[in-house]
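Enquirer: Please find one structure pasted underneath; my questions will follow.
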Amino acid sequence: MAAGMYLEHYLDSIENLPFELQRNFQLMRDLDQRTEDLKAEIDKLATEYMSSARSLSSEEKLALLRQIQEAYGKCKEFGDDKVQLAMQTYEMVDKHIRRLDTDLARFEADLKEKQIESSDYDSSSSKGKKKGRTQKEKKAARARSKGKNSDEEAPKAAQKKLKLVRTSPEYGMPSVTFGSVHPSDVLDMPVDPNEPTYCLCHQVSYGEMIGCDNPDCSIEWFHFACVGLTTKPRGKWFCPRCSQERKKK
């Protein structure tokens, strides 16, 4: 079920909740007011009894005491009714909270299921691409085998289609340029198996790269795309790992 459907159903279920809460709160306020009125009546009866107890007959005393007792009984009833209303209001809100928790759990389960389906689709798609790339590599290998003799005579350095060229940066920042080379082109280029790898991606050098200004950096060189750069920054630049280490210090 889509997120919009879960939200729509939940909003429908709580549509009358504000009115029900308002009604219960109003009833509790009414009970409070009636209790206060009874307490005032009890105070009046108690004062009357204390002030005229000596002049009243036994029957009159009993009548006043009975009125006070009945008023206290009604106060207790109003208090019990208020407690019941408060419990009903709490259960009403709690029911909707539990409904929301259940819908959220179902929504999260649906999201996980869709992520698994998407992952399976991506996996099967990548297998197809890998198979196509393998066939392409076989064709390239056959083409290279035709010129094997000439390749063997060429020095290893000539097999690298990419060559690091250090520039003289304006701000003393190490920088590397490789011309207009794209990562997709690197897959088709014959690379010396002994060629060193760089960057967080552990790939060979290609495209625009930048050097970390930390002399103790274990990686040193990074592809622009891998560290989120599009242009050479001004001043000194430190890689993500070295930046974290500098912050800790």
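Even glycines carry a Cβ here, placed using N, Cα and C.
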Enquirer: Swiss-Prot annotates one residue of Lys127, Lys131 as N6-acetyllysine; which residue is it?
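Expert: The candidate carrying the N6-acetyllysine note in Swiss-Prot is Lys127.
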Enquirer: Scan Lys130, Lys146 for the residue that Swiss-Prot records as N6-acetyllysine.
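Expert: Annotation hit in Swiss-Prot: Lys146.
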Enquirer: If I look at Swiss-Prot, which residue among Lys39, Lys136, Lys156 would I find recorded as N6-acetyllysine?
Expert: Lys156
Enquirer: Neighbours of the Zn(2+) 2 site Cys212, Cys217, Cys239, Cys242: Cβ within 8 Å of the Cβ centroid, same chain, sequence order.
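Expert: So the additional residues around the site are Asp213, Asn214, Ile219, Glu220, Phe222, Phe238, Pro240, Arg241, Ser243.
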Enquirer: Which residue counts does DSSP give the zinc finger (196-245) for helix, strand and coil?
Expert: 9 helix, 8 strand, 33 coil
Enquirer: For Lys112 (N6-acetyllysine), what is the secondary structure by DSSP, using just helix, strand and coil?
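Expert: Lys112 (N6-acetyllysine) sits in a helix per DSSP.
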Enquirer: Around Tyr198 (site 'Histone H3K4me3 binding'), how many other CB atoms lie within 10 A of its CB?
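Expert: There are 21 such Cβ atoms around Tyr198 (site 'Histone H3K4me3 binding').
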Enquirer: List, in sequence order, those recorded positions among Lys112, Tyr198, Trp221 whose Cα sits within 10 Å of the Cα of Cys212 (Zn(2+) 2 binding site).
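Expert: Final answer, ordered: Trp221.
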